[in-house]
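Everything below concerns the one structure shown next.
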Amino acid sequence: MKNVLSIVALMILMTAVPVAGQDPVPAPTPAEVEAFVAAAEEELLELWIRKERAAWVQENFINLDTENIASLAYEELMARTAALAKDATRFTGLELSYDLARKLNMIKLSLPLAAPADPSKQSELAGIAASLTSMYSTGKYCPQGDGDCKTLGDLSRTMAASRDTTELLEAWTGWRSISPPMRGKYARFAELGNAGAQELGMADLGAMWRAMYDMPPEAFAAELDRLWKQVKPLYEALHCHVRAELAEEYGSDLVKPGEPIPAHLLGNMWAQSWLNIYDLVMDPEDAGADVDVTRILRDKGVTEIDMVKYGEAFFTSLGFEPLPASFWERSLFSKPEDREVVCHASAWDIDWEDDLRIKMCIEINEEDFTTVHHELGHNFYQRAYNIQDPLYRNSAHDGFHEGIGDTVALSITPEYLVKVGLLDALPQEAGDRGRLMRHALEKIAFLPFGMVVDQWRWQVFSGATPPAEFNAAWWELREKYQGVKPPVVRTEADFDPGAKYHVPANTPYARYFMAQILQFQFHRALCQAAEFEGDLHQCSIYANDAAGKKLRDMLAMGASRAWPEALYAVAGTTKMDGGALLDYFAPLHEWLNEQNKDRTCGW
Ligand code: X8Z
Ligand code: ZN
């Protein structure tokens, strides 16, 4: 500390030393830094709100004009953010309070994209960003030209329900017909985004994303590797079992032992959740009490809005205030027939205070019931931290934001369903392997995909993967991490990463991997606070005051402290750890190992 002080004192002295013919430039005072940060926060807040309104309209009414308006708002925000971040370098080396130093750093990292100073490049970059989102969201597969076109929703329903490999293959390749036109734009996007990040002193845009975690970028990459290694044996056990069951269904000519699984057979467009092939991988005799939430919702006649009401009621049972009336008036819950919208689910806080909304094309099924809770988790987090200064109105890190609603959804147990009247009585059968398997197909299957998306983008942004290798690099990673392979030959005429929302939308993805790990840590800690005794997967924190208070306190911290402190507040540890997830799935893991004992696993 002493050294730092003397270096700082020296620097202040040096800047104040008069140079012949020049006026001395006095070092900024702490009061000046404070005034700079306050003004920056005020300005940014206004620009965030303006950009958010424009984006809301664009995503609810996609057309050329709304795209233009949204692009302009984003351009302005990017330009001012970069200018403020550069201006803030004047204060580098000064001894500052914790909050001032933290906020100055946050200005630089407040967006997932940085624009270069050149205004023509700023507008080009904002324009590409807006058009990529629109291309994805209006993308359709039109087998006979323009006539009978299929949306992502249509194709996803085929991926989920069909067991006909010809149909599955057509849906899979059909959706990927939307992304080749994005390829050139994406290459330029990476170039411009990198230039912007470099002007802010980062190695590239990927390094800028990795700098958002209160640790050096390299340490963050190592953290992810560490966590992935921790949970990988469970993924491999699930993969092994699922591959064997798929070989039973489709034959071992198509699903070969010891090889990656063809990606069109897993019930999901990106093979990121395998919930939809539950019936193929779990025999009813092995399942025990299997609670099929999709069937329950449909049998009970639950509507889209009812699903959201159940979600809200869970949060209010934990002591959160109900959602404001404006949430119900302004949200989008169902896919409109008359216009193009971004159907990919999202949560909004338009005024950074309490103008909360979700935008989602809800379908009545278990996956969307979980997603409703996921989105509401964002909204309740947003409102909890609205007491903070603008730069602190964010989650501890982005994995926290993604993990809160999922944590709550882990408490959707059979006991909970009985309590809220969705289930008439607890199932009679012993054991609940079926429910654990459903969760594993959603959450364990997801883990390697959660790694792949940003491993790919980091390589692209660093230049390790040039445009000529975009698609090959994508499939190398998909095979390495997920053990899946494309069902037909792919070439560099394809651009398969562009067929996943977060790539054209430029949403970082490592957050979802971390959320899968963190939600089990949160769940275990909150169940401990609730003094629950028993298997972790049977715990529900519904209506528990102690768990609710713990959760509310952490959410209210926002981004005001480094994330390990927020984690400590809820889980009593400063490290992300896959142990809770392994704990939760331990009974299933054991069963999978038993099933796999005479099988050859791996790929
Ligand atoms: O994008 C989402 C949310 C919105 S933040 C619906 N998720 C990822 C995805 O769909 O790929 C949630 C799980 C992973
Ligand atoms: Zn989310």
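Glycine is no exception: its Cβ is also placed from the backbone N, Cα and C atoms.
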Can you find which of E353, E363, E366, E402 TrEMBL lists as binding Zn(2+) 1 at the same site as H374, H378?
E402
For H374 (Zn(2+) 2 binding site) and R511 (chloride binding site), the CA-to-CA distance in whole Å is 13
Do you know offhand how many angstrom separate Y213 (chloride binding site) and C343 (disulfide bond) by C-alpha?
29
Other than H374, H378, E402, which residues of the chain come within 8 Å of the Zn(2+) 1 site, judged by Cβ distance to the Cβ centroid of those residues?
A347, E375, G377, H401, G403, I404, G405, D406, A515
Could you give the Cα-Cα distance between C361 (disulfide bond) and C142 (disulfide bond), in whole Å?
21
Please report how many Å separate the Cα atom of E402 (Zn(2+) 2 binding site) from that of R511 (chloride binding site), as a whole number.
7
Rounded to the nearest angstrom, how far is the Cα of E375 (active site, proton acceptor 2) from the Cα of C539 (disulfide bond)?
22
